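Some notes on the structure that comes next.
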Amino acid sequence: MPKFRVSLFSLALMLAVPFAPQAVAKTAAATTASQPEIASGSAMIVDLNTNKVIYSNHPDLVRPIASISKLMTAMVVLDARLPLDEKLKVDISQTPEMKGVYSRVRLNSEISRKDMLLLALMSSENRAAASLAHHYPGGYKAFIKAMNAKAKSLGMNNTRFVEPTGLSVHNVSTARDLTKLLIASKQYPLIGQLSTTREDMATFSNPTYTLPFRNTNHLVYRDNWNIQLTKTGFTNAAGHCLVMRTVINNKPVALVVMDAFGKYTHFADASRLRTWIETGKVMPVPAAALSYKKQKAAQMAAAGQTAQND
């Protein structure tokens, strides 16, 4: 109970103290003190015009990234310059992480490479991501090798991939590294187009069937967000993750939120950070989310900040 009273007091104090946006530019101490608290384990926002860090919170904490991995999957596919209209068979045979994972997509049915990319990016379809890797020149292992080589070339020094979907806890990165991935994504306009598609129908062949798919990022449905590229991710180990290239305060930014508590917490944190940047207002964080963050931080400290399955 004493801890609960302290949390309420801290929250009341935070809300009671007026935020002075002019003080942000005056001193580094004022900037640090005025930064908002978030519910997520780590985050970073970078101004894409200047590469200046606007906000960071534990940006170098190495954590599982879940389906954020699919952004790298898409980049490696496009780097290979393979025909986008080629029909690919749904194949997960070399992705053991897929065992027992439900999907509406039928094994061995076929759809174009471009539609595979759409389903992987827009709706985070795991069988689509795995199939893209299975149909890579040189095979599945060559694809994973290319993912890691791409990460290294981008200076993502704390990033590692072992499979293309993000289901493995060993697909890890940091908020800082993921901003580098977002910066690189500017060279892939198709990824931006597909990842921000709100919804679509996918028609498969052999056998023929059609399925509806929707975007996993709820913010793409809001007209007050200008989102140019996005990807969400979730596993129990990674928590809820969100990356976006978007516009905040009339500036293009790369936004990364990792290891958030609750189904909508990563979206709420993105909105909190946007509000702070645009207005200087600090929005409160629910006590349950802060408790989750504290517990995760303790677990990471006990494990020496290594990525482990919870």
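Glycine residues also receive a Cβ, built from the backbone N, Cα and C atoms like all the rest.
In Swiss-Prot this protein carries:
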type	residues	note
ACT_SITE	S67	active site, acyl-ester intermediate
ACT_SITE	K70	active site, proton acceptor
ACT_SITE	S124	active site
BINDING	K231	substrate binding site
SIGNAL	1-25	signal peptide
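Feature map: Swiss-Prot annotations on the structure.
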residue : record                               : DSSP class
S67     : active site, acyl-ester intermediate : helix
S124    : active site                          : coil
K231    : substrate binding site               : strand
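Straight-line distance linking the Cα atoms of S124 (active site) and the residue listed as 'active site, acyl-ester intermediate', rounded to a whole number, equals 7 Å. Of the recorded residues, the residue listed as 'active site, proton acceptor' and K231 (substrate binding site) place their C-alpha atoms 8 Å from one another.
Cα of S67 (active site, acyl-ester intermediate) to Cα of K231 (substrate binding site): a span of 7 Å.
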